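Over in Swiss-Prot, the protein carries these features:
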type     : residues : note
ACT_SITE : Pro2     : active site, schiff-base intermediate with DNA
ACT_SITE : Glu3     : active site, proton donor
ACT_SITE : Lys50    : active site, proton donor
MOD_RES  : Lys50    : N6-acetyllysine
REGION   : 68-116   : region 'Disordered'
COMPBIAS : 73-89    : compositional bias 'Basic and acidic residues'
COMPBIAS : 90-102   : compositional bias 'Low complexity'
MOD_RES  : Lys149   : N6-acetyllysine
ZN_FING  : 280-316  : zinc finger
ACT_SITE : Arg306   : active site, proton donor
Amino acid sequence: MPEGPSVRKFHHLVSPFVGQQVVKTGGSSKKLNPTSFQSLWLQDSQVHGKKLFLRFDPDEEAVSLGNSLLSEPLREGEQKDKARHHQEASDPSSWSPGGDSAVPSGDDGLQCLGGDTPAGGAERWLQVSFGLFGSIRVNEFSRAKKANKRGDWRDPVPRLVLHFSGSGFLAFYNCQMTWRFSSPVVSPASDILSEKFHRGQALEALGREQPICYTLLDQRYFSGLGNIIKNEALFRAGIHPLSPGSLLGLPRLEALVDHVVAFSADWLQGKFQGTRQHTQIYQKEQCPAGHQVVRESLGPPGGFQRLTWWCPQCQPRLSADEPKQLQPS
């Protein structure tokens, strides 16, 4: 799945089409009928963690009518969600990881109403969640780089193609799309690429007793962080992926957060400059020091297991009886 920097790049590609009308559609999507986008206007584009949100509206007269018909329960629900997320972002002490409102691990805290088709006149946002090789192409289609398992050189088929009034088009590949009938309500405090990323909230989450590699992938606290960033940040901080966060001193946790933010920002900058991000441990057989790298699938019991690379020498595992003050810095 594309991580935060990649989805930010997709958002950058889509932004020039905001304000244009869809004049032609295509694609293989079965869940969403591509023709349902015909004549809609792309009015806004937002990115939150690993998800992209696109707002589509009919003409202004229809939008005005739809907003006036929006039910009061829906409006009240949106206001409550916005108020709660604002409180969490401004006052981390009000946030409770064990409360009933907690979002399951792996969710990035988005609160929306969903469905397969847009309600007439209601505010409609298309939520785009990308698969492992998900992407967006502008004014071009993806071409096969190698033969498939059957030996065919077939080009990938886009899920959705939108041609706009400005003569350009967008092609969406390997993604899931769902209509949302209210604005995405999120807390930028959890977005690792946001200027409002809340380090204190992140450090509190990392200090748990569970293996630190589990916490890093929890989108409630590190929205946009994926497997590549996880592996690279842990290696650069010299932390074993299975080390419980509670055994790590604050300086090491702060260093880990620094590496998460720095690596993510460098990756994003490279995306815009067209350069490939350099990795030191991800998918490597040896670390930069020449040590043999271990690869293993790690994840919470009953949860999703992710391939993890680490160097046993550069990232020694901590024992429960090791005093924090004696841990390597």
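Along the chain as shown, residues are numbered 1 onward.
Each Cβ is built from the backbone N, Cα and C atoms, and glycine gets one as well.
Locations of recorded Swiss-Prot features on the structure.
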residue: Pro2; record: active site, schiff-base intermediate with DNA; DSSP (3 states): coil
residue: Lys50; record: active site, proton donor; DSSP (3 states): coil
residue: Lys149; record: N6-acetyllysine; DSSP (3 states): coil
residue: Arg306; record: active site, proton donor; DSSP (3 states): strand
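Compared over the active-site residues Pro2, Arg306, the count of CB atoms lying within 10 A of a residue's CB peaks at Pro2. Within the set of recorded positions Lys50, Lys149, Arg306, the entry lying nearest in space to Glu3 (active site, proton donor) is Lys50 (CA atoms). It is Lys149, among the recorded positions Lys50, Lys149, whose Cβ has the fewest other Cβ atoms within 10 Å in the structure shown. If you average pLDDT over the zinc finger (280-316) in this model, you get 96. Arg306 (active site, proton donor) sits 14 Å from the residue listed as 'active site, schiff-base intermediate with DNA', taking the C-alpha atoms as the reference points. Summarised by DSSP class, the composition of the zinc finger (280-316) is 0 helix, 12 strand, 25 coil. Residue pair Lys149 (N6-acetyllysine) / Pro2 (active site, schiff-base intermediate with DNA) shows a Cα separation of 23 Å. Summarising the environment of Glu3 (active site, proton donor), the number of other Cβ atoms within 10 Å of its Cβ, over all protein chains shown, is 22. You'll find the Cα of Lys50 (active site, proton donor) roughly 7 Å from the Cα of Pro2 (active site, schiff-base intermediate with DNA).
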